[in-house]
Each structure stands twice: as C-alpha cells, then as structure tokens.
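*Asks:* I'd like to ask some things about the structure below.
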Amino acid sequence: MGVNDLWQILEPVKQHIPLRNLGGKTIAVDLSLWVCEAQTVKKMMGSVMKPHLRNLFFRISYLTQMDVKLVFVMEGEPPKLKADVISKRNQSRYGSSGKSWSQKTGRSHFKSVLRECLHMLECLGIPWVQAAGEAEAMCAYLNAGGHVDGCLTNDGDTFLYGAQTVYRNFTMNTKDPHVDCYTMSSIKSKLGLDRDALVGLAILLGCDYLPKGVPGVGKEQALKLIQILKGQSLLQRFNRWNETSCNSSPQLLVTKKLAHCSVCSHPGSPKDHERNGCRLCKSDKYCEPHDYEYCCPCEWHRTEHDRQLSEVENNIKKKACCCEGFPFHEVIQEFLLNKDKLVKVIRYQRPDLLLFQRFTLEKMEWPNHYACEKLLVLLTHYDMIERKLGSRNSNQLQPIRIVKTRIRNGVHCFEIEWEKPEHYAMEDKQHGEFALLTIEEESLFEAAYPEIVAVYQKQKLEIKGKKQKRIKPKENNLPEPDEVMSFQSHMTLKPTCEIFHKQNSKLNSGISPDPTLPQESISASLNSLLLPKNTPCLNAQEQFMSSLRPLAIQQIKAVSKSLISESSQPNTSSHNISVIADLHLSTIDWEGTSFSNSPAIQRNTFSHDLKSEVESELSAIPDGFENIPEQLSCESERYTANIKKVLDEDSDGISPEEHLLSGITDLCLQDLPLKERIFTKLSYPQDNLQPDVNLKTLSILSVKESCIANSGSDCTSHLSKDLPGIPLQNESRDSKILKGDQLLQEDYKVNTSVPYSVSNTVVKTCNVRPPNTALDHSRKVDMQTTRKILMKKSVCLDRHSSDEQSAPVFGKAKYTTQRMKHSSQKHNSSHFKESGHNKLSSPKIHIKETEQCVRSYETAENEESCFPDSTKSSLSSLQCHKKENNSGTCLDSPLPLRQRLKLRFQST
C-alpha cells in the first residue's frame, strides 16, 4: 500500500508517541485500515462474531477515555488506475473468479463490511465522512484544511495527497500503547523532500496506481537524483526529459587532467609549490595540506563532478524514457488534484443506549446488560465533556457520590457511583444490590461536577478529624529514647561518695540541668539512699549547690543493687597478719568501755546493715517521679540546717566567703584523729591562713598519714587485683584540664581505710553543672589542688615502698589506695549514725583547729615548690615534715577518735 520503500526513506524522522499524548487532539482515521487489521487476526476468526465490529468498539472506547476525538473516513469509488491493484488483492483474499478483472473494479463485499461499522458509529455518536475516492485522500484533505490534527493510517500515499501529520502502527498493548508519528515539516528539513519530490519518488519507485514504477531504479538512485537537483522540482525535470530526446545527452568539453600536488591537492607538484608556492593556496612558499574529502576547484575537477552527476541523471533518464506513458501524468494528477469536499459539519452526539443494545444483540450477539455496561463509560465521558463546556440538560447522568480515589495508569481518578440511566438493562442477578460504578479522571470530573467533589473532600476531612480524636494519649509519659539520650548527653554527674567503689559506680554519667525538672530531687535522692539520718559529714560543695537535677530511678536502683552485691562478698584479704601486728592490739584494754563495737564483728555486720539500708531505700522509691521532689527536698534541707549551725556561731568579723569556708573546714577536720589535729597545730604557724586553698586537701593528707601508719601491709596485699580499675594520672603541675574535684574524689577515698578506727565517711553531693562552666570557674584553684593531690599520692607511695612485699611503682600505690578504700567501707559504715551525732557538738573547737591546719599546710606547700617533679617534691617535703615534728608523738594514743573526744569533753 502506498509508495514502495517510502517508510524506509522516512525512517530517520520517525517519532515514538505514547497514546496518552494524543489527548485533546482530533484524529482522522482510515476506517478501512482498522477493518483490514481485524480481519487479518487469525485468532479472532471463527471465535468472535464480527471481529471488525468488536475491534472497532474497543478501540473507540479506549481512545475516548483518553480524550482523543475520532473522525472516521469512509472509502469512496476507487480510481480506475487502481483497478489492477484491487483485482490482485481480491484474488489473493477470495480466490480467482471467472470474470475479467477489468470489469470488476468495485468493492461490494468490502463496502458491506464498512456499512456495518458505520452503523455502529451512529449508535456511538462518532462522526464519519464519505470520501470521493481514496480514504487517505480525504484524511489528507481534512488534515490540510485544519479540521483534524493528524491522520491515522498505514498508507504512505497520505503525504502525497497533502497530509501534514501521519500516525502509523497504532498499538494498544498494556505495556507501551503508542503510535509512530511522521510530520511533513521534519521530512522537508531533515531529508530535503517536499510533496513534489515524494510524488516523483512514487513514479520512480512505484505506488498503488503504478505498481512497478520505473524498472531498474531503486531508492538509492532516486535519492541521489534528488540531491543532484539541489531543490529543483523533480516533476519539472521529468517534463524536461520528456521534451528532449531520451537518447540525446549534453556533450561536455573534455579537458586534460593536470598533475596535482599530493599535499594540497591543487594543480602542480610538491617541489614546485615548495619553491614558488601555490596559487590556489595563496602562498609564496610551500602549500597548505587538506583533508581527504577536499575537492579541488580546478577546471578539470569541476567538469569531472558535473560529468558524474550527469551520468546518474542520464542513467535514470534512459530507464524512465523506456517506460511507456512516462512521466505518467494521470498518476501525478491523482495525487495533486483534490476531489474531496466536506459535505456536512463534523459533530459528536450522545451515544444511544437503546439503539446500541439492539445493534450489538443483532450483529454481535451481546446481552443487553453487557452492552449497557460497556457503553456506560462512553455515556459518562460525553456528559462530563458537555458539562465542562457549559451545556447542561436533564438527560445527562447524575452522580450519586464519590466512592473512593483511584490511580489508573499513573493518573489520579475517582470511582463514581451513578444514577441508573433510562433504558439501562441489568442482569437478573443484580436486582438486589445494584450500583453503576465507573472510574473517571479527577480533573475532568471536578470540572464537570464540582459540587460533588466539594462534598467528598469535606467528608474526607471530617473522617480524618474523627480518626485523630479517637487516638488515645499515651499512658506512659516517660520521654522517648531519643530524648533521654539527648538529655543525658548534656549532663555532668560527679558522685564522690566514699562508700561507692569507683569501678562499679553507676553515677558517673553526665547530667545536664533541665529547667523543667525539680532541682532538689537528685540531692535528696542520693542523700536518702547513701546516708543515714542525722549524718553531719557533708561535702563542702553542698553549701554552694542549693539544688540539683533529678536522677533517673533506674540509675539509682542499678547502683544500689551493685552496692548490695559488692558488700555481700566477704573480703578475707583485709585480715592480714602484718596489719594486726602493727595495730599493737596487746596494749588495748579489751574489757573496758573504750570501744562501742567489737572489731571482730564489725566487718561481718557491715555488709548486712548496708544491704538492709539500701533495700529499704529501694523499696521506698516509687516507679515514677511524682513524690520524689518533696521527699528529697526535706532531706536536703535537714543537712543544710546542720551546716548553717556551724557557720552561724563564728561569723563575727569574717566575710561571707571566709565564714563559709571556715564552716567547711570544721566538717573536714572533725574526721581526723586527735593526734593529727594536735600535730597540725604544733607544726605550722597561725598567720598564713588562705581561705581560697582547698581545705579538704589538708584533711586528706593528715588522714592518709594515719591510714598508712596502720595499714601498710594490708595495702600491699591488694596491689595485684584492682589495678586496671584505676587510671594513672601523671599530669604535670601546668595541666589546666584536670579538675580538682575529681582528684579530691579519688584521693579522699583512700583516707577511710583505717582499720578499727571510728572515723566518719564523708559523703559528697553530686556536683551538677555544665562541663565548660565547671572548668572555667575552678581554673585558679585547680592548679594548686592538682599539685597537692599528686603530692599526697606520693606520700602513699613512700609509705608502701618501704614495705618488703610492695614494689615502688606508682600504679601499684594507686591500686593499693583503691583496695584500702574498698576494705574500709565495710567496717566504717556502722559508725555513720553514732559518730555523726557527736561531731557537731563542738563546732568552735573544730573551726579553730581547722584554721591552724590550713596555715600549717601552706608552709608545707611553699617548701615543695623547690622540686620540679610533683612526686619527688611531695615525698621529700613529707619526710622533712615528719622529722621536724616528732614532738607530737607524745600525744599518740591507741584510743579511737570518739573516745578521745569524749575524754577531752569531760576534762574541759
């Protein structure tokens, strides 16, 4: 069909167009093309009645839902030039007949098939037009006149009739529904072919009216001829060939070929160009090289090129002139002269439901309910288009509601329930529950029925609001895990309680202040968990931190459980024979009233007492945070009141800072034995008191000396167990990052390891503050604190290095202090309540003793400044300090501190 090899020539301009892109366009369809395609499908033959009608209906329904308007073209009387082609087609389809082919030029059978299709188009309301001759000629006429946007046909003759856009290879598969598009503008711009050239190709290559064309001429020679003409009309060249004799050809002047340079391809030799230059290259010497495709502009090359082109044209001319009737003016007139006219205006009508039921039942044997179901989509689409354009009447379908939203082929749609239209047939089984449902595009339905869409959107919002109200609030108001992690990352909790083992402590986690939480809960919770009632031994920083942040109950329970498990394990290593020998137990009157508790039972009773206390505290802790702030704030106020009593008695003539520090000093020095307090009075002057110095450091040093004197071998026995738990701290004096509070916490734990001595364990509250603030506020004092702490560690090293069983290693000394602290926790806990009551009975005496100790310790600090290394200086200064103050040994006594204080109060 059409021009031979035309689609192969037009292949470079083919475009792949999805059917969705045809939406909104009007397409002229060659009806005979679709009928022939349906008849060639072998699977439909015999299994489907009237396959051409079924194929036509479903294609129309598919394209109509895509908003593609169709105009079908009916074949007219074929021209006589096509009689030979029609006869051969009929013979191939229906077999040979006895009549002559020249007498049978009509399409009686094919026209009867087309009439059935036209009857269906009338039932569907689709317009169709009658062509005068060929259907493709009418399609081209409609396209050229602007009545349609393109022509849907596989016949290439459409371009020869004047069509501008042709759609070919209509495909309706689910994966890729598309058509191939060819436009006349792209053919002319890319291939250089216009309508005259295409008609000339039809004559040379062959078409329906001239099946053989010019024998011996193929598409390559024909295209080369068109290129030789350079835009000249091919049909005019045919007429010129006909006017002149076919055997005559213009004689070209023969010129002699000159020698050409191998470098520039110009006449002359390379040596000549090297000496004299090239005239065509416009050079005095040498010449310019050119590529292989360069054509020399000399006279011989021009004549040679013309000769070659003329040979191609002469060859085609000879073959064309040999054909009888060339240049076939009848064929040229068939393509160029228009015979078609538009008789009636193209109009679309509403599908007729009753007429369609009758037609499909008669021709296709469709049941009425099936025909109504298939036609409903076309009815709703037509009514929506009319309402969108502003035309409304009572016959239009009315939607009941929007069932739900759908997505079809990537397009947002609504599932619509419609009212039953007139003459709509239903299946017998559907009378009970019947609903007319279709899926329509959201944009089109909203434009046609905006009020229905508004109601649906309102109902959707109401349902969404009800669902949100039904959501119950979470019963558990605990923060989310992400919030807890963010909360803990800004927290700095520094527990310095003496009874907590550093390695197993669960309180060394950072806590940041939160303004929304009560500030008294942490302080009170820790005090209620760790301290017995009426314990006066508080850290100095409790007076500065009036309130702390709440601590998670889970952390408190975890810490308490670890303490119970740790305290329940017996520590047999503390009963060392060397330690007992150094205590001089033979000189003690065991029958007297000097000891309130038996030393033999002290270690065993501690673990049970501590375990019972911790378990009682854990049982009192609720699961939430409702009652904790009030309970804990009461405990904090009780301890703060005891501290204020000490400060109020000696506040005359002293600044608030000095007054506060002096009260702290009393709390720190009251833990020292009587020997150490008298020892510090006699060894240091009274006029070097500096309140800014860490007063806890002096008490730590003094108690440590007592600890070392009584537990030398006991410390050595624990060197090989807990060393990994304590990190070494070898920082120099210039370190500004090491915090004094942390060093005090680590060193002060050592001081409680005095066996069989009644000394209160000082429980320090948590220093809760931001890390940067804590570092900035304590930089000035941290330098002095760091040096003193390191010096005190050296004292412990000096004492233990003298033992035969211990090695002079600083790490072992630190390990020893850890075990000393751990062993002292067990037998000192039972004296919390008893010793705490008597300590605050004489605040004035303790304050005076503290002032003397501070002045004395400042002198020792000045002596240590001459040593560059902190460890060596602390060792030497302590040894000199011991030698010069042997006078205080006369006050040595084996009695515990509590009994000595008791005797002193009686004497005064």
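Here the Cβ of each residue, glycine as well, is placed from N, Cα and C on the backbone.
So Swiss-Prot lists these for the protein:
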| type | residues | note |
| --- | --- | --- |
| BINDING | D30, E75, E134, E136 | Mg(2+) 1 binding site |
| BINDING | D155, D157, D208 | Mg(2+) 2 binding site |
| MOD_RES | S801 | phosphoserine |
| MOD_RES | S802 | phosphoserine |
| REGION | 2-96 | region 'XPG-N domain' |
| REGION | 122-208 | region 'XPG-I domain' |
| REGION | 208-384 | region '5'-3' exonuclease domain' |
| REGION | 390-464 | region 'Chromodomain' |
*Asks:* Kindly assign E75 (Mg(2+) 1 binding site) to one of the three DSSP-derived states: helix, strand or coil.
*Replies:* coil
*Asks:* DSSP helix, strand and coil counts for the region 'Chromodomain' (390-464)?
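*Replies:* In the region 'Chromodomain' (390-464), the DSSP-based counts are 25 helix, 24 strand, 26 coil.
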*Asks:* For D155 (Mg(2+) 2 binding site), which of the binding-site residues D30, E75, E134, E136 has the nearest Cα in space?
*Replies:* E136
*Asks:* Using DSSP and collapsing to three states, where does D208 (Mg(2+) 2 binding site) fall: helix, strand or coil?
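*Replies:* The residue in question, D208 (Mg(2+) 2 binding site), is coil (DSSP, three-state).
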*Asks:* Looking only at the region 'XPG-N domain' (2-96), what are its DSSP counts of helix, strand and coil residues?
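*Replies:* Its residues fall into 50 helix, 15 strand, 30 coil.
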*Asks:* Three states by DSSP: which one describes D157 (Mg(2+) 2 binding site)?
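*Replies:* Helix, per DSSP.
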*Asks:* Using Cα coordinates, what distance in whole Å links D157 (Mg(2+) 2 binding site) and E136 (Mg(2+) 1 binding site)?
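*Replies:* D157 (Mg(2+) 2 binding site) and E136 (Mg(2+) 1 binding site) have their Cα atoms 7 Å apart.
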*Asks:* Quick one: give me the count of other CB atoms within 10 A of the CB of E134 (Mg(2+) 1 binding site).
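*Replies:* 28, counting other Cβ atoms within 10 Å of E134 (Mg(2+) 1 binding site).
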*Asks:* DSSP secondary structure for E134 (Mg(2+) 1 binding site), reduced to helix/strand/coil, please.
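*Replies:* The three-state answer is coil.
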*Asks:* Using all protein chains shown, find which of the binding-site residues E75, E136, D155, D208 scores highest when you count other CB atoms within 10 A of its CB.
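*Replies:* The largest 10 Å Cβ neighbour count belongs to E136.
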*Asks:* Between E136 (Mg(2+) 1 binding site) and D208 (Mg(2+) 2 binding site), what is the CA-CA distance rounded to a whole number of Å?
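*Replies:* Between the Cα atoms of E136 (Mg(2+) 1 binding site) and D208 (Mg(2+) 2 binding site), the distance comes to 12 Å.
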